[in-house]
Every structure is written in C-alpha cells, then in structure tokens.
Amino acid sequence: AFAGVLADADIKAALAGCAAADSFNYKTFFKFFAIIDQDHSGFIEEEELKLFLQTFSAGARALSDAETK
C-alpha cells in the first residue's frame, strides 16, 4: 500500500525496525495515532483527517473533501 508513496529505503527501514519477533513498538504507533485522533475517540474522523498535513507543519493546508473520501 505504501509502495510508490514512500521511498523504498524508508519502507525497508521501517520493516527492519520491527523485523524481529516482539519488536513492534506499539507505543510509537499509538503516539502517532493519538496525534491524529485529536478528540481521542479511538477513530480518525474525516475532519481530523483533513488536518493530517498540519501534524507535520502548522502552516500546511487542510485536505479537501475529495482528498479525505
């Protein structure tokens, strides 16, 4: 799903980071999820997804309705 979106080196690095059994860092995953799930509902709603780019930079644009469908 990420092929063609992320650089191959980034994908390989991410997979290498959790290649060994029991090495997946769920705390890091949920930390990132919590940043996007701004209302802490346990879901990422469309309105939160629209602001996804702003998690990287406050000045980033909001995604359009078409981009979040």
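Counting starts with 1 at the first residue shown.
In case you wondered, yes, glycine gets a Cβ from its N, Cα and C as well.
Annotation source Swiss-Prot lists N-acetylalanine at ALA1, citing experimental evidence.
Per-residue confidence over the domain 'EF-hand' (24-59) averages 87 (mean pLDDT, predicted model). Under the heading domain 'EF-hand', Swiss-Prot lists 24-59, citing sequence analysis as support.
Long-range Cβ contacts of GLU45 (Ca(2+) binding site) within its own chain (separation 6+, distance under 8 Å): ASP39. Residues or ranges marked as Ca(2+) binding site by Swiss-Prot: ASP37, ASP39, SER41, PHE43, GLU45, GLU48.
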Margin query: Same chain only, please: residues at least 6 beyond the ends of the domain 'EF-hand' (24-59) with a C-beta under 8 Å from a C-beta of the stretch. Say none if there are none.
Written below: 17-18, 65, 67-69
Next item on the list: Show, in sequence order, which residues other than ASP37, ASP39, SER41, PHE43, GLU45, GLU48 on the same chain lie with their Cβ within 8 Å of the centre of the Cβ atoms of the Ca(2+) site.
Entry: ILE36, GLN38, HIS40, GLY42, ILE44
Next item on the list: State the three-class DSSP label for GLU48 (Ca(2+) binding site), counting H, G and I as helix, E and B as strand, and everything else as coil.
Entry: helix
Next item on the list: For the domain 'EF-hand' (24-59), give the DSSP counts of helix residues, strand residues and coil residues.
Entry: 20 helix, 0 strand, 16 coil
Checklist line | Position of peak Cβ density within 10 Å, selected from the binding-site residues ASP37, ASP39, SER41, PHE43 | finding: ASP37
